[in-house]
Amino acid sequence: MASFAKSTSTIFVVFLIIGSTSAQLSTNFYYNSCPKLFDTVKSTVQSAISKEARMGASLLRLFFHDCFVNGCDGSILLDDTSTFTGEKRAAPNFNSARGFEVVDDIKSAVEKACPGVVSCADILAIASRDSVVILGGPSWNVKLGRRDAKTASQAAANNSIPPPTSNLNALISNFNAHGLSTKDLVALSGSHTIGQARCTNFRARIYNETNNLDSSFARARQSNCPSVSGSGDNNLAPLDLQTPTNFDINYFNNLVNRRGLLHSDQQLYNGGSTDSTVTGYRNNPGSFFSDFASAMIKMGDIKPLTGSNGEIRKNCRRIN
């Protein structure tokens with residue numbers, strides 16, 4: 001285990017990186033170069049969500065998984081090449097990350113409006129905001145000016161994204177290492193008010209855990225998630241049983257009622273330091289919305305490529 005001093009210095013370096021690069025991002029970066037950008041992205045996202053409401057959660061998750069692996073640089077969108085194995089087949093993403101075709105559609109529409117101008121990393125940032133808004137959540141001004149990575153790392157994805165088996169201390173440490181606070185952790189976890197999870201990611205919780213798990217909820221989830229590994233692994237269940245396509249506070253209601261689907265979800269309300277934040281958001285939706293928006297902006301500041309670093313991809317799946 002790394003020493004406290006080493007952990008502190010690592011976090012300090014992350015903050016330095018965020019502070020020095022995020023200053024180059026701005027909400028009006030494409031004001032002159034691509035004035036129709038926001039309308040173009042939103043119309044495509046709206047169309048995709050109209051066809052499948054779950055897509056909003058999928059696009060939001062892509063942004064999370066992009067930013068947590070070497071920064072918000074669009075690396076998650078890259079297909080494997082002869083020179084690198086990308087992030088799509090990493091454990092947190094394989095048979096799980098989705099929405100790449102929608103990103104392709106957005107990129108195609110944006111390229112028609114302003115060719116060679118807008119990065120895939122920025123498209124993902126805007127699409128995640130629009131997804132939240134369309135599903136009833138808060139809005140925020142998206143900072144832009146990111147450029148696209150020229151490589152990707154499966155190993156980094158495997159090591160940087162916290163697994164659903166994480167306990168509270170591991171979650172806090174992981175988010176801190178990305179320059180995010182414990183409050184940011186709880187707020188961003190609230191994104192699990194939308195979307196679905198695969199049986200393989202919650203099987204151990206519904207069969208092996210007894211403390212802090214509502215028994216009727218466990219039985220309901222077991223009906224579509226066999227106990228034997230390899231059987232029904234990809235069967236889906238909503239992360240929020242009540243309103244899985246509405247961005248609201250029911251995720252926090254679920255936690256208080258011991259109905260968090262993932263082990264890592266329920267860890268946020270398990271007699272620990274984050275219990276009070278969960279109950280605070282449950283009782284004050286406005287506070288959750290405000291903190292979520294702020295945390296999304298903060299997460300979007302993680303190690304962006306700016307200036308002459310990286311590139312503006314023509315196709316989000318491959319480098320130019």
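Glycine is no exception: its Cβ is also placed from the backbone N, Cα and C atoms.
Annotations in TrEMBL come from automatic prediction, not curation.
The disulfide bond recorded by TrEMBL for Cys114 reaches one of Cys34, Cys67, Cys72, Cys120; that cysteine is Cys34. Recorded disulfide link (TrEMBL): Cys316 to Cys120, out of the candidates Cys72, Cys120, Cys199. Which of Cys72, Cys199 pairs with Cys225 is settled by TrEMBL: its disulfide partner is Cys199.
The Cβ of His65 (active site, proton acceptor) lies under 8 Å from the Cβ of Ile76, Glu87, Pro92, Asn93, Ala97, Ala157, Ile161, each of which sits 6+ residues away along the same chain.
For Cys34 (disulfide bond) paired with Gly71 (Ca(2+) 1 binding site), the C-alpha to C-alpha distance reads 24 Å.
With respect to their backbone Cα atoms, Arg61 (site 'Transition state stabilizer') and His192 (heme b binding site) stand 9 Å from each other. Considering only the recorded positions Cys114, His192, Cys199, Cys316, the residue whose Cα is spatially closest to the Cα of Cys72 (disulfide bond) is Cys316. The candidate set comprises the binding-site residues Gly71, Pro162. Of these, Gly71 has the most other Cβ atoms within 10 Å. Taking the mean position of the Cβ atoms of Thr193, Asp240, Thr243, Asp248 as the Ca(2+) 2 site, the remaining same-chain residues with a Cβ inside 8 Å of that point are Ile194, Gln242, Pro244, Asn246, Phe247, Ile249, Asn250, Tyr251. Of all the binding-site residues given, namely Ser75, Thr193, Thr243, the one with the smallest number of surrounding CB atoms inside 10 A is Thr243.
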